Structures are given as structure tokens and as C-alpha cells.
Amino acid sequence: MSWISYVIFFAVIALTLYITYWAAKQTTTASDFYTAGGSLTGWQNGMAIAGDYLSAASFLGIAGAISLNGFDGFYYSIGWLTAYLVVLFLIAEPLRNLGKFTMADMIGARFGAKKVRGAAALNTITIVMFYMLAQLVGAGALIKLLFGIEYWIAVLIVGTMMLIYVLFGGMTATSWVQIVKAILLMLGTIIISFLVLMKFNFNFISMFETMKTATPHGEAFLHSGVVYTDTIGLISVLIALVLGTAGLPHILMRFFTVKDAKTARSSVIYSVWIIGIFYVLTIFLGFGAAKFVGADAIIAENAAGNMAAPMLAGVLGGDALESFVAAVAFATILAVVAGLVLSGASAIAHDIYGQIFKNGNVTEKQQVAAARWASIAIGVASILLA
């Protein structure tokens, strides 16, 4: 990597650390730690939701999937975007109306039993751990590729950064890191898409005609069937993508960070626009990587195609753009894992410790302390497992 690569990378890290320093001074109560005191506006929470939702799988994974598998890779964009309509119409408003901190709070408000609350909390922790492992593995591979350091050191760096965000800044720091990440991600994606379209003289018909012969799949690249030859299997994947979002604890927790149901609803509308535009742009990332990088080069770097977007950035924009995209990918992973740690810590500290073991007889200071210890436990466990 060139010197400019290090400058861009560490500038992003410095920016997120400054946000954490600022947020730490705002975080004084349990409500501040868990939900940023419900102080976020609709557009702020919408940006944060987009930053939380657009994970490494969205940025690196879908671009790679489209570049290698064509339309079948785009199904992930379709599924995850459609999923947000489920969240918008069925979940956002009623969830915020409860005025709680966690999913277990919501279920506990309906059923009351400790066993139900405990089961919901354990479910949250399980989802968080599996999701976080995938993010940490991706982060480790990315940093190893960029800096040539050992994988375990790369994972340790990411794990340490995510703990700093959560321990000191809570939801306020996590939210603003996610907002900054969403802005950087959209900026990087728009720049690459513009450069790809420029190669095709901004002619969409020419682009699609070119892609018919640009890959080993031929015209099949533009149709379903390269991967999903079984209709039942395809339907199963789409159902999982559409309905799975409605159960992601770190996404649902975001609806508690606004003051009322109306703001929660508006935040989802903002996030749908951001997420929708991003997923449409993944077509250009995938097509561009397939045409200008090539399937063989992509697979040689990573069999799953996860380095397609950074490689495309390097081909089209040189070291500077490749470094910027890599830094965005790193910020993407950090923002998501910070949200995951926070949702897992809230399940342990608020639901299990505060509501089950202490029967709600716990001070705000004790809750925040418990949440920070829980964050350390989740972070260390994730680093070791990754």
C-alpha cells in the first residue's frame, strides 16, 4: 500500500475516535447508553439504520456475488431491500410505541413471564454472536490483505476499536459512527458507479449488451439460473432475506433511539431511500468488476468474490480510490459490529441482569456498568471465536 492508503485509512479511524470522545461526554444515563436518550431525529436515525444495515455482506458480498453470478447475485439486493418494507409497515411504529430498550422488553411487556424474557434475551445474544463472527472474519481478511499483517492481529484491532466505541460512547457514538459510515459508503459507491457508467458512455443498453459476452456465463449472466436452478431453493432464500431482517436485534434496537412513533416511521422512510439507492448501485459495482477486473482475478484474490469492489476501485481510480473504498469497508464493519455488541450487551445487562436476576431493582449506574462489562465479555468472546 502507498502512503496515501495509510493516510486515508487512519483518517477514518481518527474521525470515528473523535466521535466517540464527543459522545462519551453525552453518555451519563442508562437511556443515553442504550438508546442515545431517544434524542435522534428522523433523518439521523434513518442514516444510522442504513449505516447499521449495510454491512460487509452488502458492500463487499453483493458486489462480488453479482460479479461472479450475475442476476442471481442481485437477489440478495432485492431480498434485503424488500425486507425493509416489512419493517416499515409491521414493526417500526408499534415497536417505538412501547418505549422500551430491547426486544426482550417488548416481548416481556406482552407476556410478562421471566422465562419468555430470558428466551428472547438468549435469542438476541445468539443472533449477535453469529452475525458478529461473520463481520470479524471479513474484517480480519480485509486488513490482512491491505496491510499484510497476521489475521489474528487484524481481528484484535477491529475488536478493540468496536469495544472503544461501545464502552465509552454507547448508542450515541455507535449511531454517529454509523451515520458517518453511511455517508462514506454512499459516496464511495456513487463514485465507482459513475466511473463504471463513464466506461460505457452512460449508455445502459450498451452496458447490458456488453455484459452478455463479458463473462464465462454468457447471456445467462443476465438471467436467473446460474446459481439458483431450483425454484424452491430460491424462494427459501428470499423468504429468509425478507423476514430475517425483522428479527435482527441491532436493527430493531434503533427504533428506541427516537422520541416517538412518528419519528420512528420517518426514520425508516429515510433509510429505505438510502438502502434502496445503494442496492440499485450494486448492479454497477458487480457489472464493473465482472468486466474490468474479471472473474479469474476476483476468484484468485478471494474465492467468494468479496474483494471485487476494492479491486474495481483500484482499476478505475488507482491507489487513492482503492484505499478510500477499503477504508469505507473497514468503517462499514466497525459500525455494524459496534451495533451488534451494544444490542448483545443490552440483552445481558438490561434483560438478564436487570430484569430477571434483579427484578428491575437496579440503579442506572449499575445498569451502565453491567452493560460495559457485558460488552467486554461479548467482544472478547467474538475475537477468540473469530
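In case you wondered, yes, glycine gets a Cβ from its N, Cα and C as well.
Taken from TrEMBL, the feature transmembrane segment applies to 6-24 (among others).
The feature transmembrane segment is assigned by TrEMBL to 74-95 (among others). Packing against the transmembrane segment (74-95) from elsewhere in the chain are residues 53, 57-58, 61-62, 65-66, 106, 224, 228, 234, 237-238, 240-246, 251-252, 255-256, 261, 264-265, 267-269, 271-272, 275-276, 279-280, 282-283, 286: each is 6 or more residues past its ends and has a CB under 8 Å from a CB in it.
If you look up TrEMBL, you'll see 116-143 (among others) marked as transmembrane segment.
Nonlocal intrachain contacts for the transmembrane segment (149-170), taken as residues 6+ away from its ends with a CB within less than 8 angstroms of a stretch CB, comprise 13, 16-17, 19-21, 23-24, 27, 32-34, 36, 136-137, 139-143, 177, 330, 333-334, 337-338, 341-342, 345, 368, 371-372, 375-376, 379-380, 382-383, 386. As annotated by TrEMBL, transmembrane segment applies to 149-170 (among others).
Residues or ranges marked as transmembrane segment in TrEMBL: 182-202 (among others).
Residues or ranges marked as transmembrane segment in TrEMBL: 232-256 (among others).
Only residues 6 or more beyond the boundaries of the transmembrane segment (268-287), in the same chain, are considered here, and those with a CB under 8 A from a CB of the stretch are 42-43, 45-47, 49-50, 53-54, 58, 62-67, 70, 73-74, 77-78, 80-81, 84-85, 87-88, 92, 182, 185-186, 189-190, 192-193, 196-197, 207, 211, 214, 308-309, 312. Marked as transmembrane segment by TrEMBL: 268-287 (among others).
The transmembrane segment annotation in TrEMBL covers 324-349 (among others).
The transmembrane segment (324-349) shares more Cβ pairs under 8 Å with 116-143 than with any other stretch in the list 6-24, 116-143, 182-202, 232-256. A Cβ distance under 8 Å defines the sequence-distant neighbours of the transmembrane segment (116-143), meaning residues of its chain 6+ beyond its ends; these are 55-57, 60, 102-105, 107-108, 149, 151-152, 154-155, 157-159, 247-250, 302, 306-307, 310, 326, 329-330, 333-334, 336-337, 340-341, 343-344, 347-348, 351-352, 355-356, 378, 381-383, 385-386. Away from its own ends, the transmembrane segment (182-202) comes close to residues 12, 47-48, 50-51, 54, 59, 210, 274, 277-278, 281-282, 284-285, 287-288, 291-292, 309, 312-313, 316-317, 321, 324-325, 327-328, 331-332 of its chain (Cβ-Cβ under 8 Å, at least six residues beyond either end).
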